[in-house]
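Worksheet: the structure to be examined is printed underneath.
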């Protein structure tokens, strides 16, 4: 028996009739006996810009054409402005923008300095290195960054990943910064920004919440004044309880007091005095509200200054009742290449390490750190984009170049910070130029204030981290997730638990893997509707409609359901393929088998509205009695051709 393809023809020239025009309400008359006015489609050849025909077999011609188009687009004015965003906004830069950026930059600078000192502790490196990674990358982001609200620098998550990857070794942390930047830059050049799409919302929430708890846990030791090392949540708490008998009263008192003060000042930043309507507020009301917001926003800097002054009164760490962060080298860091090898004195093992040994020790962190940095940055861009599209590729290029630059001034990996971005946005930032004022404050602090930073108590920096990070635990997403789709809680909760129990890179990979399993399950179990209808000619038939493509995980499931329903109903079966936008070889073999089964039972089977691309895949195996139609009135004609007579219903 031959394959029957009603209304689809396949001429020798490789073209095909567009059968969608058969159902069109537009009257398209025939031309020279050809259907649809002679309108045909073809994928056999394309035309170059010069008008020269390039056939499908001319692979060299297609490659040359692709290279020409890429080169032309890469050097177009549109692409240059896309890859150098500063060219778009700098020509229109005015005094209003400058004032907004100045206020926002200084406000963010007052936030980034204490955070940088604190995040260095999370990364396991001396406090100065947090400041080293907070200024040069800002300049790079001004030129290449596409989001005005992103302040480039260390973040809590990036710092924790740095510690888990580099193990507190300064040389490896700097090399990680360089290599992460290289990976991010290459991902941007290759257009791999879409990889962040594989991290779903539930997985991202579970990861962020787990990281927040780990960071809080890592700072408990400084609040209590004890020593408790570890890389995972469970390991850190085990070491805390083992050393709990060495708790320092003054450190604990200072740390808890600082946390309480920071939380109170956070509340003050959101308070408003005067009438609820801003237009009814007096000038004094506006001034008071602005002062309250500024005090609350600068709470970290205020607290660190006050605690530093308290530490300074003791003149030396030897007489201080609490632990201080210690000496910080004054001045700017030397501009030099990141270390590509370590001497015996720079390693914990006491043996020299070559570049390849250092890279090997960094392991999966070389991939995880750039991906998480991108995820953080894209989250910021989306939060403040006001509905505008976010260019993930450009952000990869920007943070990649920024990290490469930071590695030459001994910085560790960084990216955009959500908390500082919120401050930046609330301060009225207008362009990425706000980064230059933030950079200026960091440079001034390195030049003139580093001798005083040594008197800052460790407990106060731990309080800064805890008060900021504790609000990153995304408890608020659980209720909406429960209301919308409860199954999304499984990958979210699984990621959360895995990140607490395992190293972070393993936790995020577990979460992504769990999410992929759910996606594959849904692909393997498409929703299928079964209806018993009557054709225009009065014949009853069964129509089965799958809601997605037919690929290898789902075809056996679809086959079993089609077979079961066809035997039970004993009616002609129509498979509505309107939603089947793709198929594979396994699906073709199953379709061939199904048509043979129906032919043996002498039961009609038709395929309705099958897309030409999918039809070509099914035809590859030349299935017997493979019948396709596109208009409902054709069904009665097909049934008459088969002379089908309904049999008695067989119970299944």
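Heads up, residue numbers simply count up from 1 along the chain you see.
Glycine is no exception: its Cβ is also placed from the backbone N, Cα and C atoms.
Keep in mind that this is a model prediction, so the values were computed, not measured.
Under the heading domain 'SLC26A/SulP transporter', TrEMBL lists 100-490.
For 542-624, the entry in TrEMBL reads domain 'STAS'.
As annotated by TrEMBL, transmembrane segment applies to 98-120 (among others).
The transmembrane segment annotation in TrEMBL covers 126-144 (among others).
Nonlocal intrachain contacts for the transmembrane segment (173-196), taken as residues 6+ away from its ends with a CB within less than 8 angstroms of a stretch CB, comprise 123-125, 129, 133, 162, 165-166, 338-340, 358-359, 362, 365-367, 369-371, 373-375, 378, 391-397, 399-408, 410-414. TrEMBL lists 173-196 (among others) with the feature transmembrane segment.
Below 8 angstroms of C-beta separation, residues 222-224, 292-293, 295-297, 299-300, 302-303, 307, 322, 457, 459-460, 462-464, 466-467 of the same chain, each at least six residues beyond the ends of the transmembrane segment (253-271), sit close to that stretch. Positions annotated as transmembrane segment by TrEMBL: 253-271 (among others).
As annotated by TrEMBL, transmembrane segment applies to 292-314 (among others).
For 355-375 (among others), the entry in TrEMBL reads transmembrane segment.
Taken from TrEMBL, the feature transmembrane segment covers 436-453 (among others).
Residues annotated as transmembrane segment in TrEMBL: 459-478 (among others).
The transmembrane segment annotation in TrEMBL covers 490-521 (among others).
Per-residue pLDDT, averaged along the domain 'SLC26A/SulP transporter' (100-490), amounts to 87 for this model. Secondary structure counts, DSSP: the domain 'STAS' (542-624) has 39 helix, 15 strand, 29 coil. Of the recorded ranges 98-120, 126-144, 355-375, 459-478, the transmembrane segment (292-314) has the largest number of C-beta contacts under 8 angstroms with 98-120.
When each of the listed stretches 355-375, 436-453, 459-478, 490-521 is scored by C-beta pairs under 8 angstroms to the transmembrane segment (126-144), 436-453 comes out highest. Long-range contacts of the transmembrane segment (459-478) within its own chain (CB-CB distance under 8 A, at least 6 residues past either end) are made by residues 114-115, 117-119, 121-122, 127, 156, 201-202, 205, 208-209, 211-213, 215-216, 219-220, 222-223, 225, 251-252, 254-256, 258-259, 262-263, 266, 300, 303-304, 307-308, 322-323, 325, 418-419, 489, 492.
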